Each structure stands twice: as C-alpha cells, then as structure tokens.
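Database features, via Swiss-Prot:
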- CYS15, CYS18, HIS19, MET81: heme c binding site (BINDING)
- GLY2: N-acetylglycine (MOD_RES)
- TYR49: phosphotyrosine (MOD_RES)
- LYS56: N6-succinyllysine (MOD_RES)
- LYS73: N6-acetyllysine (MOD_RES)
- LYS73: N6-succinyllysine (MOD_RES)
- TYR98: phosphotyrosine (MOD_RES)
- LYS100: N6-acetyllysine (MOD_RES)
Amino acid sequence: MGDVEKGKKIFIMKCSQCHTVEKGGKHKTGPNLHGLFGRKTGQAPGYSYTAANKNKGITWGEDTLMEYLENPKKYIPGTKMIFVGIKKKEERADLIAYLKKATNE
C-alpha cells in the first residue's frame, strides 16, 4: 500500500481545491469524501451528482479508486469531475492510502 504522507501532499496539490475529507466537511465543486470507502458512487448526502455517477453502481475501495483515479472520465463517462487523472500507479497508491485514513477519521 502507499505512503500516507506522500498521499496527503498529492491530495493537497491535486484534490483539495474541489474536495474535503473531514467528517462534516463542506461540499466544494466536488463532494466531501468522508466515508468514501464502502460507499457506492454518487451517494454523498447533499451533493448533486450526474446520472453517470449515480448509475455507475460500484462501491468505492482500493481497486475501484486505483482504476478511477487513473482516468476518471474513462471510468465514469459523463462525470463532471474535470480532473485528468494520475498516471503513476505509485502516486495513486499513495493518494488512496491517505484517503483511506483521512476519510475515516
């Protein structure tokens, strides 16, 4: 599994402009990610998702996030997430390690 501290830096640089992770955190352009692991796509309470996200029907976990974060628009065509993805598998693993910790505190 990845490095939590490196993952935190990646989150701050590439994700925090649109997402929060803390319990009770506000939705920004993207949804708050608290409780992400084990949740189905398009299910953060109070966030307005595209039909593509709601209908994808997968449960977020290490494997699904690894694939999604490489190329979000390929994994969920029609998502409104404009992020191009993270090509390096090691960086995705670091980010997922951080998300696993930060979205569960």
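Cβ coordinates are placed from backbone N, Cα and C, and glycine is handled just like the others.
Recorded features from Swiss-Prot, shown on the structure.
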residue: GLY2; record: N-acetylglycine; Cβ within 10 Å: 21
residue: CYS15; record: heme c binding site; Cβ within 10 Å: 20
residue: CYS18; record: heme c binding site; Cβ within 10 Å: 14
residue: HIS19; record: heme c binding site; Cβ within 10 Å: 22
residue: TYR49; record: phosphotyrosine; Cβ within 10 Å: 18
residue: LYS56; record: N6-succinyllysine; Cβ within 10 Å: 20
residue: LYS73; record: N6-acetyllysine; Cβ within 10 Å: 16
residue: MET81; record: heme c binding site; Cβ within 10 Å: 18
residue: TYR98; record: phosphotyrosine; Cβ within 10 Å: 23
residue: LYS100; record: N6-acetyllysine; Cβ within 10 Å: 18
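Residues CYS15, CYS18, HIS19, MET81 make up the record's heme c site, and a Cβ search at 8 Å around their centroid adds SER16, GLN17, LYS28, THR29, GLY30, LEU33, PHE83 from the same chain. Taking the Cα of CYS18 (heme c binding site) as the reference point, the closest of the modified residues TYR49, LYS56, LYS100 is TYR49. The two recorded residues, GLY2 (N-acetylglycine) and LYS100 (N6-acetyllysine), have Cα atoms 10 Å apart. For HIS19 (heme c binding site) paired with LYS100 (N6-acetyllysine), the C-alpha to C-alpha distance reads 14 Å. Calculated from their C-alpha atoms, the gap between TYR98 (phosphotyrosine) and MET81 (heme c binding site) amounts to 20 Å. Taken over all pairs of the listed heme c-binding residues (CYS15, CYS18, HIS19, MET81), the Cα spread reaches a maximum of 11 Å, rounded to the nearest whole number. Calculated from their C-alpha atoms, the gap between LYS73 (N6-acetyllysine) and MET81 (heme c binding site) amounts to 8 Å. Comparing Cα positions, LYS100 (N6-acetyllysine) lies closest to CYS15 out of the recorded positions CYS15, TYR49, LYS56, MET81.
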